[in-house]
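A quick write-up on the structure given underneath.
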Amino acid sequence: MARPRGGRWLLGVLLALCRLAAPLAKSLEPVSWSAGNPKFMSGKGLVIYPEIGDKLDIICPKAEPSKPYDYYKLYLVKKDQADACSTVMDPNVLVTCNRPEQEIRFTIKFQEFSPNYMGLEFKRQQDYFITSTSNGTLDGLENREGGVCQTRSMKIVMKVGQDPNAVIPEQLTTSRPSKEADNTVKIVTQSPRHKVPTVEEPGKPGSVNQNGQETQGPSDGFLSSKVAVFAAIGAGCVIFILIIIFLVVLLIKIRKRHRKHTQQRAAALSLSTLASPKCSGNAGSEPSDIIIPLRTTENNYCPHYEKVSGDYGHPVYIVQEMPPQSPANIYYKV
């Protein structure tokens, strides 16, 4: 009993050491999405440097009694869209700030592989952009151009797995998460009094758009998967056609071989029938006549003739007199 306990203890120590050796994920400082946030720098927005495994919370603050509530719709966009402050083409909604009575919290987890098919996935050394083209009013919630992205530089630039002290050239390869819409990321709303988290349902105002992150725009992963599917279908069709052709050729060869064998067998039977002596009469010949058949068979035996000699050449038979009958075969008289 002591050995199993010692083995479990050693295994627990090894697991603890592995956890300590692995890089610890951290939660980044939450970002309050409001026009009064001084972190949004003019012309640049907010630049952060997350690592794989980190988490980021974007907070839509609750309305203050003395100030009007700001309505925003946040999008995950490409670099050219963030620079132009336009979400006309391929809009991808992350969260909608439209609940003045409560705080809305949107959590992003930076992960390379998501357990959810529709989850967000990020790659190292790439940039991702979040912005809003709403103007802060309820009527301007659905604006697709300009908005606070242009007037207040309200955008977040996420440089995943990059060093903030490194000198990075201007031309960078930017892309969106390779998977489509984010089902794993939850929008948790809290009431300051009760602190009861609730997950918003898709389709309602203020929830994440579940239709997909790259619904209309080109996606390398999606296109590669479609090409692979079509290639597999084409290869399957070609293999199926080749199998059908092979079976047809094999069937034709088998039928030809069977037909040839049947013809040879029929010809052998006809020659054997012509050469075999039948139990027929002498058709008017004398008792001493000698008949040499075309072919003899050892198995056939007729009681009215007797084999005299067959050691050299054709066998010789002495035919006895029988009543005249119609001959069935042809014989040569010697």
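Using the three backbone atoms N, Cα and C, a Cβ is placed for every residue, glycine included.
The disulfide bond recorded by Swiss-Prot for Cys85 joins it to Cys149 [selected from Cys60, Cys97, Cys149]. The Cβ of Asn135 (N-linked glycosylation site) has 20 neighbouring Cβ atoms from other residues within 10 Å, across all protein chains displayed. The DSSP secondary structure for Asn135 (N-linked glycosylation site) is coil. Mean pLDDT across the topological domain 'Extracellular' (26-231) comes to 77 in this model.
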